[in-house]
Structures are given as structure tokens and as C-alpha cells.
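Student: Once you've had a glance at the structure underneath, I'll fire off some questions.
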Amino acid sequence: MNIHVHSHSIYICRHGESLHNVEGLLGGDSELSERGKQFAAALRGFIEEHKLSDLKVWTSQLRRTIQTAEELGVHYEQWKILNEIDAGVCEEMSYKMIEEKYPKEFVMRDQNKYLYRYPGGESYQDLVQRLEPVIMELERQGNVLVICHQAVMRCLLAYFLDKGADDLPYLKCPLHTVLKLTPVAYGCNVDKFDLGVEAVNTHRDRPLTKGRTDGMPPPFLRRNSFTPLSSQDQIKRPRLYSVGSQFNARTSHAPVLPSMHFSEAPEGVDSPQIKVSVNQEE
């Protein structure tokens, strides 16, 4: 559990609806849809209405978050470690495509979504470890708006709202909604703001039954995932301001966060450092 020693608020939202969201595809680096651009404009109005003049804005290095931030007309910082979970060979595929091309992978992910690692990609456990520096910095900063992605938002919410590893991958983080988190001693107050711009629903519910994968090794024992903090960007493009590599170098020997603890990792895998525990409400 964390004791927050200064008053501040953390605003978290996903990027505006993207073209891949509309097509039902995972990952990638697509641009905003027309409704996504409308959300970006609505987000600017939200900031002005709430008079958040001292607000810091952080994004990932993917275009959909950058385009959302560009509409705000303020300085923003790009963090590579805020990029969406790496889906490996399943990048830019729909769930239906994955089920047809990689049926065993599809079933294994439903068996343990937190520990499941995409072939050539990441697991939620990997993502939790990757986000540690951001979480530590959010604890120190004043008011911050984090424009991120579904899996990243789940991990951040799980940390601040004390949710467990079993619930984390199924937390509902709808598009075009802003959450205001106000940390208090031993907890966090949450306010939800729907900005009134329609978007697709990208949430996939927890399966009622889990399929069998007889003879298959546990997915979290794979060794073929990319190192989250050192993998290359998918697309080379100019940066307004990137703090990803600078920040990692500066905090490579940061102290362990006391409340960030999960079940013991398999041999050969670094132990995660986050105790994660958002109600799964509609």
C-alpha cells in the first residue's frame, strides 16, 4: 500500500478511437478515426472547462496518442514505455483471425491472460514491469494527464486502485472516457467523465469457460519475447519530445516499490514489482 504525501490528481484516458479500433485489429500504429479526432477536440474542451492550466501531458510514442495530444495545443512528453502491449505475431490481427491462425494461442491466452505472453511479444506481467518508472514518476509529479492505451491504462488503474493480477486484464477502460484519480493515504478517489463522443467497444469479457491445451507448455515460460524497454520502434518518425530512453537511464537503479508485488515469477523471469489490484463495472 502507498502513502501519498502531496495533493495531486492523475487524469488517465485512452487515445481517441483509431482506424484499427474501428476494424477490430490489435496493436499497430494507425491514425485516429473521425470520431477519434472529435474526442481529441472534446478533451481540449474538458481541460479548458476544468481550468487545468498547470497540467502535464504524457503520451506514448504511437501516432494515435500523439494525434490526440496535438489537438490540445499544449506541450506534451512522449514516453516509449507507455506504448501499448506488444502483441508479437498477433499485431494488427483481429481476435477472429488469431483464433483461426493460432487456435492454441487463442485458448492459452484465455487460460491465464495476465501471464500469457504473445509469441515474439509481451504479457501483462511484462507490461507491469515496463511501466514501473512511469508509476514512480506519477507518484512524485503534480497534475498529469496520461494519454495511453487499453492495456497500459489497465495496469495503471490496477496499481492505483489496488486490483489483483486476475482482474487486471479485464478492467473496463472504454474509449473517449477520462478518469480522474486523486491519491489519498492508503487509497485513491476516482471520478469518471464521459466526453460524449461515440466510439467502438474494444472490451473483451472474461471467458466463462477456459479451453484445454493438453500437452502445451505454459505460455509464460517462453523465452522469445522482446525486451520491453529495448525493442525498436515500429516506425521511424520525428519526435516532439521523447523522454523514454533518458528516463530509463536515470532510474535504472531506482528503489523497489514496496506495494508492487505479484505471485512469484517462473525461473528465468524477473520478479514483477507491482501489487496490482477497477471494479469491472459497465
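In case you wondered, yes, glycine gets a Cβ from its N, Cα and C as well.
Sharing the feature lines straight out of TrEMBL:
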- R14, H15, G16, E17, S18, L19, H20, N21, R64: substrate binding site (BINDING)
- H15: active site, tele-phosphohistidine intermediate (ACT_SITE)
- E84: active site, proton donor/acceptor (ACT_SITE)
- 260-282: region 'Disordered' (REGION)
Student: In DSSP terms, helix, strand or coil for H15 (active site, tele-phosphohistidine intermediate)?
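Tutor: Reduced to three states, the DSSP call for H15 (active site, tele-phosphohistidine intermediate) is coil.
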Student: Out of R14, H15, G16, R64, E84, which of the recorded positions is least crowded by other Cβ atoms within 10 Å?
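Tutor: Counting other Cβ atoms within 10 Å of each of the recorded positions R14, H15, G16, R64, E84 gives the minimum at E84.
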Student: If you compare CA-to-CA distances from the residue listed as 'active site, proton donor/acceptor' to each of the binding-site residues S18, H20, R64, which comes out shortest?
Tutor: R64
Student: Just jot down the residues in the same chain as H20 (substrate binding site), at least 6 apart in sequence, with C-beta under 8 A of its C-beta; none if empty.
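Tutor: Spatial neighbours, sequence-distant, of H20 (substrate binding site): L26, G27, G28, S30, E92.
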Student: Other than R14, H15, G16, E17, S18, L19, H20, N21, R64, which residues of the same chain sit close to substrate? List them in sequence order, counting a residue when its Cβ is within 8 Å of the Cβ centroid of the site.
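Tutor: For the substrate site, the extra neighbours are V22, S30, L32, S33, G36, L175.
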Student: Give me the long-range Cβ neighbours of S18 (substrate binding site): same chain, 6+ apart, Cβ under 8 Å, in sequence order.
Tutor: S30, E31, L32, S33, G36, R64
Student: Using only the residues recorded as binding substrate (R14, H15, G16, E17, S18, L19, H20, N21, R64), report the maximum Cα-Cα distance in Å, whole number please.
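Tutor: Maximum Cα-Cα distance: 14 Å.
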Student: Going by DSSP, is H20 (substrate binding site) part of a helix, a strand, or coil?
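Tutor: Reduced to three states, the DSSP call for H20 (substrate binding site) is helix.
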